[in-house]
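These come from Swiss-Prot:
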- 1-49: topological domain 'Extracellular' (TOPO_DOM)
- Asn9: N-linked glycosylation site (CARBOHYD)
- Asn17: N-linked glycosylation site (CARBOHYD)
- Asn22: N-linked glycosylation site (CARBOHYD)
- 50-70: transmembrane segment (TRANSMEM)
- 71-91: topological domain 'Cytoplasmic' (TOPO_DOM)
- 92-112: transmembrane segment (TRANSMEM)
- 113-119: topological domain 'Extracellular' (TOPO_DOM)
- Cys118-Cys198: disulfide bond (DISULFID)
- 120-140: transmembrane segment (TRANSMEM)
- 141-160: topological domain 'Cytoplasmic' (TOPO_DOM)
- 161-181: transmembrane segment (TRANSMEM)
- 182-209: topological domain 'Extracellular' (TOPO_DOM)
- 210-230: transmembrane segment (TRANSMEM)
- 231-269: topological domain 'Cytoplasmic' (TOPO_DOM)
- 270-290: transmembrane segment (TRANSMEM)
- 291-305: topological domain 'Extracellular' (TOPO_DOM)
- 306-328: transmembrane segment (TRANSMEM)
- 329-377: topological domain 'Cytoplasmic' (TOPO_DOM)
Amino acid sequence: MYSSEELWNSTEQVWINGSGTNFSLGRHEDDEEEEGDKHPFFTDAWLVPLFFSLIMLVGLVGNSLVIYVISKHRQMRTATNFYIANLAATDIIFLVCCVPFTATLYPLPGWIFGNFMCKFVAFLQQVTVQATCITLTAMSGDRCYVTVYPLKSLRHRTPKVAMIVSICIWIGSFVLSTPILMYQRIEEGYWYGPRQYCMERFPSKTHERAFILYQFIAAYLLPVLTISFCYTLMVKRVGQPTVEPVDNNYQVNLLSERTISIRSKVSKMVVVIVLLFAICWGPIQIFVLFQSFYPNYQPNYATYKIKTWANCMSYANSSVNPIVYGFMGASFQKSFRKTFPFLFKHKVRDSSMASRTANAEIKFVAAEEGNNNNAVN
């Protein structure tokens, strides 16, 4: 989302031209370049692409498994899982179409894929990130609705509705991302020789700040606040009895234990979902906001390192989503075991043995109690 602009591979001074978005890196064009003088090769030139490759591997495998499990098992085709599949699809598109191009920016001195790919990759990156944020918000609203209004949700919360909402999410994401097509372009720069850079070029600083502020609100602040609000309502609602319990101490105690257990599980899920999204996307969003609005901001190698780390954090979110939204759910775990039983043979065998041992112990205790009762009689 922000990686194609101002990715500096030099610790030397950055010269700002024009509106502040066009830049030259390294030596001036007038500087005499000695024979054999080449641009420096930093550790991040290979370390960052290696990290991105790991993200792609984990993310593609995890998200593909999520979609495969949902499509293979009929009982998994629920409204919530439809949103999860949509989220996995956005992550796959992001990982395949955006991450490889971003990874090349670190070992290469500039953009080499032309103006069309500059616009296309940046636009698709913005679309997928926007769709991810809106999908997360829709998932939170869906879970909140089914928790707070369980009876009403039986009529309105269907896979068909989830499909319609998902289509609207994609359409809205395409529309909201159109400014990228207008402002993303190839710009000339100089870094140990003339280079080309794929970056956003706005008519004025006001346009640039307005777009960055929109990105911060629509793609970070609003989803985080909405998710937090929805799950706060869920924590308050989950565990409350829908019917009055009978006057039975055992039932009251059992209900209390279930309430505490469910409330604890939902609270943990809230912490994971909100913190994961906030931690992964927060640094890059705040950095770009600071970069645009802070008047004394100075681009240098230190800020480049911070931005590189922030980009890695945001990209990693696409690989960890399946762990949180998929494999932490009991239904996904069961379906995954059914789909790949050969991976869980040892665990299933141990579970069966433990079950048989427990049954034998229960029968032994029951027999002992029966013998004791006969002796008393």
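Going from the start of the chain as shown, residues are counted 1 onward.
Using N, Cα and C of the backbone, Cβ positions are placed for all residues, glycine too.
Sorting each residue of the topological domain 'Extracellular' (291-305) by its DSSP state yields 8 helix, 0 strand, 7 coil. Summed and averaged per residue, pLDDT over the topological domain 'Extracellular' (291-305) gives 84. Highlighted: of the candidate stretches 120-140, 210-230, 270-290, 270-290 has the greatest count of Cβ pairs under 8 Å to the transmembrane segment (306-328). By the count of Cβ pairs under 8 Å, the stretch nearest in packing to the transmembrane segment (120-140) among 50-70, 92-112, 270-290 is 92-112.
Across the topological domain 'Cytoplasmic' (141-160), DSSP assigns 17 helix, 0 strand, 3 coil. When the disulfide-bonded residues Cys118, Cys198 are compared by the number of other C-beta atoms lying within 10 angstroms of their own C-beta, Cys118 comes out lowest.
Distant neighbours of the transmembrane segment (210-230): 1, 129-130, 133-134, 136-137, 140-141, 143-144, 176, 179, 183, 200, 202, 270, 273-274, 277-278, 281-282, 285, 288-289, 292-293; these residues of the same chain sit at least 6 beyond its ends, with a Cβ under 8 Å from one of its Cβ atoms. Counting residues of the topological domain 'Cytoplasmic' (71-91) by DSSP class, helix then strand then coil, yields 18 helix, 0 strand, 3 coil. Within the chain, the topological domain 'Extracellular' (113-119) has long-range Cβ neighbours (under 8 A, six or more residues past its boundaries) at 4, 101, 180-181, 184-186, 198. In the three-state DSSP classification, Cys118 (disulfide bond) falls within a helix. Sorting each residue of the topological domain 'Extracellular' (182-209) by its DSSP state yields 7 helix, 14 strand, 7 coil. Residues 59, 63-64, 128, 131-132, 135-136, 138-139, 142-143, 146, 157-159, 161-163, 165-166, 169, 318-319, 321-322, 325-326, 331-332, 335, 338-339 of the same chain sit 6 or more residues outside the topological domain 'Cytoplasmic' (71-91) yet have a Cβ under 8 Å from a Cβ within it.
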